[in-house]
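The structure appears below as structure tokens.
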Number of protein chains: 2
Amino acid sequence: MSAAASQPDLLHEVAIELGDRSYPIVIGTGLLGDASAWAQVPRAAAAMVVTNDKVAPLYLERLVAALQGRFPQIHHVVLPDGEEHKDWQTLNRIFDALLSQGCDRKTVLFALGGGVVGDMTGFAAACYMRGVPFVQVPTTLLAQVDSSVGGKTAINHPLGKNMIGAFHQPVRVVCDLDTLATLPPREFSAGLAEVIKYGPIADMAFLDWIEANLAALLRREPEAVAYAVRRSCEIKGWVVGQDEREGGLRAILNFGHTFGHAIEAGLGYGEWLHGEAVGCGMVMAADLSRRLGLVDEAFTHRLTELVREAGLPVRGPRLGVDRYFELMRLDKKAEAGDIRFVVIESPGHAGVRPAPEAVVREVLQHCTA
Amino acid sequence: MSAAASQPDLLHEVAIELGDRSYPIVIGTGLLGDASAWAQVPRAAAAMVVTNDKVAPLYLERLVAALQGRFPQIHHVVLPDGEEHKDWQTLNRIFDALLSQGCDRKTVLFALGGGVVGDMTGFAAACYMRGVPFVQVPTTLLAQVDSSVGGKTAINHPLGKNMIGAFHQPVRVVCDLDTLATLPPREFSAGLAEVIKYGPIADMAFLDWIEANLAALLRREPEAVAYAVRRSCEIKGWVVGQDEREGGLRAILNFGHTFGHAIEAGLGYGEWLHGEAVGCGMVMAADLSRRLGLVDEAFTHRLTELVREAGLPVRGPRLGVDRYFELMRLDKKAEAGDIRFVVIESPGHAGVRPAPEAVVREVLQHCTA
């Protein structure tokens, strides 16, 4: 990076180690418009920047300008914003753009936006001509700390979230912290849910740090945000490096997601933000862990308060207990109809297991309102 | 296999060597209804058989009966037959069936049918919950000798054939030669195009054998057909084993396909069968090879006559030279707008290269009518 464009104290690089699919996550300020941030992206005749109608007016021009020197042709496609558009129709707009521009199978896709743009661009890259390279350029906290890392890509199906997708690793992730300045508070809080997640499943010292720095994070102080992004990426990279395709360990990253996905699908995609549903889902999954005798009341109380103070809901919507079960049975971790939950086995350690239906019913009754 | 159900002299197994993605191709008679043919498929709570409305009345019941002992639940979905249905709408019917039956991510998909069913089922398996296992059960000659082997899966896009897809290897390929008995002559000939293909690109002794046994093949004599399927799978396996994701060598399997895909797309999918377009495309690619000074007139004449005698077209439709170019520029092998052709470098050896536009124009003028 050029010295002028970045503040060295905020510049970090986290390596994701996956053999010949390894890649770096670059975290810093001023990266979007810095040509040197893109100097290691594979060369090709064309780049295709995929973004949405919220992000495009803010950052598209800056990114395209920085890519000029590297790609003879730079195309873009602007999708409608929102989880409710994470479907085949919208995905197909990426394919339409690629084919109508005559993009070949070396074309590099750039996902400029949040989790929805990243998931859809990644899936388009996985499928276009059976696979082209792509770069994640996450502009939301949630995408920077979670969804842009690890190669999970997908679209939703009316019967379930992320049901159609692929494992397809990006060739690079570039997290420009400056983009977080424009995030609405609700979206910033949603991102904090995934930051908080890494504490109970993997690193209680990080949970301590988040508690101690929550006010600084909510004020978006650069040093605090930079550390939160970096540490989140380190933990995620450590998990994904051991279990890329979720044969086992990786499922712990879904802490809070079994309940959370049910909330999202039950209310209709886009009603709650994904991070809001996950925040509430973690409270529910912690309550389940307590009822299973794995953690104590003090632990669940602590996590609940942190989620609440991060600006996230701690009580689920009253969808009805049976409806929750119906939705959770569609979870990808379910096997032969048995729902499997990510629980906290002990603070800092998570596991995946089924749970007695009666206990889950208690959780749903206790944690919804 | 049980001794009663198969004729040992017709039973072959060809190994596809791809590390932890290796799998066998089992070739024989009486396999579809023989439970022992399915004994090595991974266990799961459910199987989903995908087939089409032509194949279902003939073979669905027999396969489902043979799978009963292995899967507690066996679902099926029947798609409309034909290349014109190899699209997202039809693919989505597989996802609808999987999700509405609550199929989990261990569910095994079975592709019972020709190339279209195999490509779509394979792509559905690649994407459903980011990847589930699938078994190819090809019932056409074309699928048995080519499309069911090697893990290429895809659907078409209005702007190009097989543009959206994945590399996803089956866990097993079971070629029951009995299913070829019900193939219409036109479809059998279409399959012969891909059999013939292996000669000029890899094995001139096999081309000699095809010439000597063409009458027996056209009469569908079991020994001749069994050998043609086996040798085709051996050659394809040898190529794919060296270059699974088409970084180089694998492209030779596309001999005749650059011209052929243009014919298919130009006439509208389903007008000519894929194998018919490939047969004609091989004649055109051989003519190109001759005009480039790589092979002689005797070679192109020999190949043209074999294609003709197999019951395939040897002259392309008059789409217009410019239209051919427009369509060929969308070929997946094209790079930065340069069309790249599979040519015969010398009999039995193929390569991939661009060609002067003027020479390709001569080919198109000479070989269309």
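Even glycines carry a Cβ here, placed using N, Cα and C.
Marked as domain '3-dehydroquinate synthase N-terminal' by TrEMBL: A:77-189. Marked as NAD(+) binding site by TrEMBL: A:81-86, A:115-119, A:139-140, A:LYS152, A:LYS161, A:179-182. Taken from TrEMBL, the feature domain '3-dehydroquinate synthase C-terminal' covers A:191-334. TrEMBL lists A:GLU194, A:HIS257, A:HIS274 with the feature Zn(2+) binding site.
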Which number gives the other C-beta atoms within 10 angstroms of the C-beta of A:THR140 (NAD(+) binding site), all protein chains shown included?
28
Extra residues within 8 Å (Cβ to Cβ centroid of A:GLU194, A:HIS257, A:HIS274), Zn(2+):
A:LEU142, A:ASP146, A:SER147, A:ALA193, A:LYS197, A:GLY256, A:GLY260, A:GLY275, A:ALA277, A:VAL278, A:GLY281
Work out how many Å separate A:HIS257 (Zn(2+) binding site) and A:GLY115 (NAD(+) binding site) at their Cα atoms, rounded off.
15
A:GLY115, A:GLY118: which of these binding-site residues has the highest Cβ count within 10 Å of its own Cβ?
A:GLY118
Please count the residues of the domain '3-dehydroquinate synthase N-terminal' (A:77-189) that DSSP assigns to helix (H, G, I), strand (E, B) and coil.
47 helix, 34 strand, 32 coil
Just counting, how many other CB atoms are there within 10 A of the CB of A:GLU194 (Zn(2+) binding site)?
27
Please identify, from the binding-site residues A:ASP81, A:GLU84, the residue with the sparsest Cβ neighbourhood, meaning fewest other Cβ atoms within 10 angstroms.
A:GLU84
Restricting to the same chain and to sequence separations of six or more, state which residues have a Cβ under 8 Å from that of A:THR182 (NAD(+) binding site).
A:LEU58
For a quick check of packing: other C-beta atoms within 10 Å of the C-beta of A:HIS257 (Zn(2+) binding site), how many?
26
Express the distance between the Cα positions of A:GLY118 (NAD(+) binding site) and A:GLU194 (Zn(2+) binding site) as a whole number of Å.
16
Roughly how many Å lie between the Cα atoms of A:ASP81 (NAD(+) binding site) and A:GLU194 (Zn(2+) binding site), rounded to a whole value?
20
Under DSSP, the domain '3-dehydroquinate synthase C-terminal' (A:191-334) has how many residues in helix, strand and coil?
104 helix, 1 strand, 39 coil
Nearest to A:HIS274 (Zn(2+) binding site) in three-dimensional space, by Cα, is which of the binding-site residues A:GLU84, A:GLY115, A:THR140?
A:GLY115
Residue among the binding-site residues A:THR179, A:HIS274 whose Cβ has the most other Cβ atoms within 10 Å:
A:HIS274
How long is the line from the C-alpha of A:GLU84 (NAD(+) binding site) to the C-alpha of A:GLU194 (Zn(2+) binding site), rounded to the nearest angstrom?
20
A:GLU194 (Zn(2+) binding site) and A:GLY115 (NAD(+) binding site), Cα-Cα, nearest whole angstrom:
12
